[in-house]
Amino acid sequence: MTENNEFDVADLRREYIRGGLRRSDLTENPLELFERWLKQACEARLPDPTAMCVATVDTNGQPYQRIVLLKHYDDQGLVFYTNLGSRKAQQLAENPHISLLFPWHMLDRQVVFLGKAERLSTLEVLKYFHSRPKDSQIGAWVSQQSSRISARGVLESKFLELKQKFQQGDVPLPSFWGGFRVKFDSVEFWQGGEHRLHDRFIYQREADAWKIDRLAP
């Protein structure tokens with residue numbers, strides 16, 4: 001507490017004692033280590049282990065962040081879906097550089113991907129869209145993401161209207177809904193350590209291989 005008995009965030013601290021990260025723990029390909037950590041996050045029953053903070057930048061250099069769910073990953077990149085009229089999609093159209101952060105607090109871990117985002121093909125988007133629950137498909141039609149609305153009731157009324165409309169048959173893919181693949185060229189792994197001596201390793205793509213360096217915490 002401060003002199004005025006106000007809540008002081010500077011008083012909040014803890015030690016990171018869940019273990020370290022050594023070079024011998026690393027894999028040649030960062031995606032293999034990411035997959036291992038992601039599976040461990042799932043096994044630890046972390047809430048939303050696929051949630052990632054997506055950072056983009058507007059034309060004025062103003063950064064924006066939001067939480068989005070990872071939906072696929074492989075050597076080609078990491079995939080997420082969104083409304084193409086959203087702020088992030090519009091910013092990526094102007095500047096494809098992007099950062100993805102996975103914050104696994106309960107394991108004292110985080111992973112950061114840096115790269116460029118590119119639009120998915122309509123076929124890829126369509127395949128995923130129809131794998132979603134029908135109500136989620138309808139929800140994609142309802143929201144003009146980031147637009148201003150007068151009340152939540154506007155969304156709920158539109159949802160009920162469209163649910164009736166699409167009661168029979170498949171829900172068509174909205175033209176304004178799509179996805180991005182993040183082709184990454186840098187991945188940093190962070191593991192909390194005692195006395196704030198955290199372990200950090202960064203992978204950077206060099207031609208067809210990955211260069212690995214330890215970073216000071």
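The backbone N, Cα and C atoms fix where each Cβ goes, glycine too.
Features of the protein shown, as given by Swiss-Prot:
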type	residues	note
BINDING	ARG13, ARG14, GLU15, TYR16, LYS71, TYR128, ARG132, SER136, ARG196, LEU197, HIS198	substrate binding site
BINDING	66-71, 81-82, 87-88, GLN110, 145-146, TRP190, ARG200	FMN binding site
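Sequence-distant neighbours of TYR81 (FMN binding site) (same chain, 6+ residues apart, CB-CB distance under 8 A): LYS71, VAL125, TYR128, PHE129, TRP177, GLY178, GLY179, PHE180. Annotation note: GLN110 (FMN binding site) sits in a strand segment as assigned by DSSP. Sequence-distant contacts (6 or more apart, same chain, Cβ under 8 Å) of HIS198 (substrate binding site) comprise TYR16, TRP190, GLN191, GLY192, PRO217. For ARG200 (FMN binding site), applying a Cβ distance below 8 Å and a minimum sequence separation of six or more within one chain yields GLU188, PHE189, TRP190, GLN191, ARG214, LEU215, ALA216, PRO217.
Considering only the residues assigned to substrate binding, ARG13, ARG14, GLU15, TYR16, LYS71, TYR128, ARG132, SER136, ARG196, LEU197, HIS198, the longest pairwise Cα distance works out to 44 Å. In the three-state DSSP assignment, the secondary structure recorded for ARG196 (substrate binding site) is helix.
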